[in-house]
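Worksheet: one structure, shown below.
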């Protein structure tokens, strides 16, 4: 028993592995059951050989009870006749004889064997035309001779008792002899050459008429034999009843769980085909004992296998027996190379049998069919053998226990010894082996399911002592505790078996595994035993035929019943049509879309807020309906049904199907339960749907063989309850396709958010390493983004935005993402409409017709406008009438509802009459829904004369939602973007990507619409823009801002441009009016930066006009332009006279002279709002600064930032200015007096100002003056005692070691406030640099340090490296032009490895060279905080750069590496390509070289 548990545990482990999963999970789509598959599975051989034996034994009865229908060899299953027979023929597929479409599943390119795709008329193999005519008569004569031979060999085998009963339903004969002949002729004409097949039919009919008399004689003989056998059985029943009365009192417990095939035979009195291998009297006695559930002490062991029908039980073929020699010859023919395996059988869909030459069947198809059959048989044999082995292990153990119990009880039961002694003596040689009495019931029901019932009765008697092996121990008497322990162990093994088969179910088909697992627990099959030892083993999916769909199932129930003298094991199996465990040929296909549908089994259920979609518990609560089955007697029709995403299935139907039956069958294939929301449509030639009436028959609806249909929603309304996960998925699919193809036009922001959800559903959660630009190609990207949003943008730009939104999605499962998708899409104004392209009935010209879109919705119709985007909506209450015309349709509306794009009577031309009817049909259907809703609310009359199909749908939907005219994510900013991209596309101009990025950042920022974020800054500096590039921006702004919002519409106002930065674009001077045109268009701009745009005196006047027209400008930067003094004076004069809100003026490098300073003096005096004044790097002398000084005195309270650097002002006037600052109350906090000719004496006055109480300076720049060491030391002393300065620049002023020490001491104090320190080119020695490094180890305030252009030594570099390991505040570090070689840099980089606070480091103009590459790469791969590093002019060539990039890892945090200005003149194309490849590899880093 422990070995069984170990084997089952190993089997469970193997089933959980990926290898087993890949081997088992193959989906076979098969069309009909085959007797061949069962025989192959049970015997491990080919069913073709068995059919030859059956033909030989039973061909004489082939048409027994057939009546007139025997002329076509069609069995007549007439219940009034006592006999029936199913003749088995060797058949080949006819698919090879007819050309098929390349898209058809029957095409030879498909991997599925063609012969299994449809059930076709039977084909008998013949060698040539001459022999085909005589094969029928030969076959009949041969079968008769074989039958007689089998009769003579009846006694050759006494061990096996084989009953073959072919189950078939009663079918009334619908065709007379003539009809059957016509059916056979039609089959011949359809599938073969007409002349040849008619000749064969004539010969065939002639032969059939000649043997009719023979068959009648055989029928009479069989009838007599059946009556004799029935009489004998009735006598035996009487004897058995008497025996039962005697044995019933002595039996301790009697079980009622045995399936008695003979009892069924006696009750039904039906036909059967029995081939007996043992004497009939012994077999009947054995069955009588089974019937009364008791057996004598020493019964014989027997094995019987019977194939019977519920309404036939008469022995056919005179009780013929297959001899051992005959069986050996049959088994020998089952070898792999046997020629009998060259064909396969398909159930006939017509009555007749058609004979064709084998040579006419395509060899390619036959080879493919044979190869697939062998592979399937090997796979099935390996799987089934393991299951049977485990089943037998448990059965043998239980039988041994029962044998011991029965042996102990036999001593008390002596009355039955006499009755069974003879039988026991006859079979004493078989006592050591277990004989099986099985009856295999094969039954073809209306669901076309084959039910196989195997009753295994094992009767074990204690062997005589002389025959007991020496090594066998004496049976031990088990105590009740031991019996209970063994029972518990058996139950544990049974549960493990259930887990094994449940795992097999899930591996075979995940769609049915859940339902199968639930139903397996409830029992089923033929056994009704209540014993605890009963176990149910689902060999395949167990399907409840009463309430669920007739999916392929194979059910086995093993019941073990222990009595005083008998052990009976009953196994009932239900063989399905499409059982994957059986050797049935099928098409190995790719996984369909339904295999990947997420049914949303999550702990936290989600409920859609709009479509009332909900889950119950862990799953959707649904019930499956039963689908109609294919009628094998009717012509088969293949139907190609696709979903809206172009995934499809091919199903087989018959002519008796209605459209509703087709929907149910297709839904069963998909696992769909709530079918009431979906309909079938046929796509017409004009691209629109022709909806099929579900109550019509398929031929009336126009469904033909290989018709292509679409399965989708017709009436798109909000369902009251949608509880089927597959229905949710189909809703999602149709909406998603409508969004992508533009049927539901929506805003770009809405579209991208829906696309991000779709991407999440398709590819899962965001992965920053996987989901990057380039993940999707253009074709795949078009399946997510509507085509009208591509414009001239690259795929990388679109994917970058898509992945950004994808990263914001927080969903627990894909089903939740689908529900969010439906909720968001429900806000689209055109949600749920069916769109039709029509044309205006009134043409504007004889050639051009105006295209319009007419959309039918649940509450009215929408008609697209002529002059602009959008729709005019008319509710059904507004519409007076609508009708179909010869050219299309006509719609009449009241005069009050007329819009500029519509008229009182609107005529539209359609592409076809069917399209017009389709539109009217949808409108009428939606009106019925509205009338029903009004009637329910009590405000309308009941609906009269409503279509039956619509009446069934009325209670399923909610009332129409309130229609909105606008998308909630439609915004002014998006409209500006679309207008700009449209202009660029029309004029074939590349859009400015930086502008698009800035717009998308606002649109896609999380919570942007909820928080009402606005687009306020247009920052386009340093892009080498031209005037024409800006003209599109100006035009788009004009169109956007001038858009008038109609009544009932809404738009998010998120476009409010306040700042325009066009600096450092010198090419704009070619057309200076264009940048100014933007300002004139958008009157909200108050901050204007036009620095270095090439503005000359010609462009001054438009700027002056803007200043005069828009007096609210607060910031004006026009520095570094080619405006001379006259132009500056004109601008300043305009500001002085018209602007009263100016705060910032920038006139650096504008050639401003002393005369211009007079205007600045007046401007400062009159305008009290100026806070920032920059007049640096001009031609101002002492006289000009004197005017400015006077103006500052009058505006001392408002001016905060003064930059007069780069002007030749002598030291005396500056000392006077500093003294005034020290003695006056001013607001100046930023003072830049760099490069103004200051001398060392200025240092003392500056020290006094810095230590005074009136000093509020926060930023002081005295760079590039001639202060000397003494003047600089005085400035440092003033800074030491100052508590306000946070930014200090002493660049290009010599600092002594003592001054440096004093500065470091003040910065080491806890009260230090300086955060930015610039000591560039200050002549610092090695000791001073070491001192600064030691200071930085203690300082907690400095974030920016510039030590560039100071010569570093090894010791100072090592000190800097040590400092970097300890410092935790420094963020920007400048070490440019510091004579740092490879060794010095290595010391600094070693300290930088473990520093996580520095974000930027500048190592430009240092001779690092090739030797420093490894240390650089090592630092970059190790550091976790560095974002920017500059290595300009560092003696690196192309090979060095390539080597550096190769050593870099892809997951480093750095963002920018600047390698420009290195010697790359002699770089080869190979190295350049290699560098580009590395840059692609390091795509997350902006590498500049």
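Cβ from N, Cα, C; glycine included.
It is 396-435, from the ranges 396-435, 596-635, 636-675, that Swiss-Prot records as region 'Disordered'.
According to Swiss-Prot, the feature region 'Disordered' maps to residues 459-479, out of the candidate ranges 375-395, 438-458, 459-479, 480-500. Secondary structure of the repeat 'LRR 4' (1111-1133) per DSSP, as helix, strand and coil residue counts: 9 helix, 3 strand, 11 coil.
Using a Cβ-Cβ cut-off under 8 Å and counting only residues 6 or more beyond its ends in the same chain, the repeat 'LRR 12' (1428-1450) has close neighbours at 1376, 1399-1410, 1412-1414, 1416-1418, 1420-1421, 1456-1464, 1466-1468, 1471-1472, 1474-1475, 1478-1479, 1481-1482, 1484-1485, 1487, 1489. With a threshold of 8 Å between CB atoms, the same-chain residues lying at least 6 positions outside the repeat 'LRR 7' (1254-1278) that come near it are 1205, 1221-1244, 1246-1248, 1284-1296, 1298-1299, 1302-1303, 1318, 1320. Away from its own ends, the repeat 'LRR 3' (1087-1110) comes close to residues 1021, 1058-1070, 1072-1073, 1075-1076, 1079-1080, 1116-1124, 1126-1127, 1130-1131, 1134-1135, 1138-1139, 1146 of its chain (Cβ-Cβ under 8 Å, at least six residues beyond either end). Using a Cβ-Cβ cut-off under 8 Å and counting only residues 6 or more beyond its ends in the same chain, the repeat 'LRR 4' (1111-1133) has close neighbours at 1059, 1063, 1069, 1085-1097, 1100-1101, 1103-1104, 1139-1153, 1155-1156, 1159-1160, 1163, 1174. Through the fold, the repeat 'LRR 8' (1282-1306) approaches residues 1234, 1250-1251, 1255-1265, 1267-1269, 1271-1273, 1275-1276, 1312-1325, 1327-1328, 1331-1332, 1334-1335, 1346 of its own chain, all at least 6 residues removed from its boundaries and within a Cβ separation under 8 Å. With helix defined as DSSP H, G or I and strand as E or B, the repeat 'LRR 13' (1451-1474) counts 6 helix, 3 strand, 15 coil.
Note on the repeat 'LRR 5' (1167-1191): DSSP counts are 10 helix, 3 strand, 12 coil.
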